[in-house]
């Protein structure tokens, strides 16, 4: 870590995310689940459906159809538990996806036996993150004590009033008590959560730090070494035969795909009334054609659809067929108009 003084590049962070090493603040997900769970339970949970189910059983003197009863129990279960469970699952998934920018950790499923290394395990025990978690646990215990105290001071009258409440009133009282204790805890925890977030982010960025050699290596991988790129351009020219170079020089224009197909168009009304295909090249040769055409001043026009059509329907040194003649002539006329304006 002594030599890792450079901030991580976007590529480094993206590659780390694919390995499951993206920044994820787990406490944020926990807080969202608690809040969503609390308010959905208070909003959707009701004992009235349960009471109606029991009332139906008692009215029928416990002589009911087992299949219908099972179906009714399932419906009541999903009405009471289904909605809170759905929203809790959603609140667990969405914050994680947002934090990871919807990048799936495709490389994280690979087995890594290095995690079984006892030396690494020992280092984790005495790591900064472990110390941070220790102090965080102490703070949360203090917060729990404060929550209990203030909850008791604020809601003790309501707690004792349950003795005089009806069944429906009990549900409302429990809902309020549940909401109050959750909100008290989150209110006292907010500073700890923010501080924990900042420390977690700093530790994550520290783990992602790069040395200058890593940055240089990444740059070469992405951009390619200058000498390598120069040599590659030379090879593109070398793979063209003299005949192909001559065909390029004599062409009116070259229609490009732009990187996989190159179609040369020759047109001279004094020799032939219709344009014909002077060359057809693909892949590396197509790139070489574009490079050489630019060097000798032959226009290259990017038209993906036309290039694909001509490649599929024509051969080298064949006249453009009637079906594609209009498109090719329009392109030639447009090119002449552009040249005349300059």
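From the backbone N, Cα and C atoms, a Cβ is placed for every residue, glycine too.
Copied over from Swiss-Prot:
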type     : residues : note
TRANSMEM : 28-48    : transmembrane segment
TRANSMEM : 70-90    : transmembrane segment
TRANSMEM : 133-153  : transmembrane segment
TRANSMEM : 158-178  : transmembrane segment
TRANSMEM : 181-201  : transmembrane segment
TRANSMEM : 260-280  : transmembrane segment
Field: Cβ-based contact of the transmembrane segment (28-48) with the transmembrane segment (181-201), 3 or more pairs under 8 Å
entry: yes
- prompt: Where, among 70-90, 181-201, 260-280, do we find the most CB pairs under 8 A to the transmembrane segment (133-153)?
  reply: 181-201
- prompt: Who are the long-range neighbours of the transmembrane segment (181-201) in its own chain, taking Cβ under 8 Å and residues 6 or more past its ends?
  reply: 23, 25, 27-28, 31, 34-35, 38, 132, 136, 139-140, 143-144, 146-147, 150-151, 154
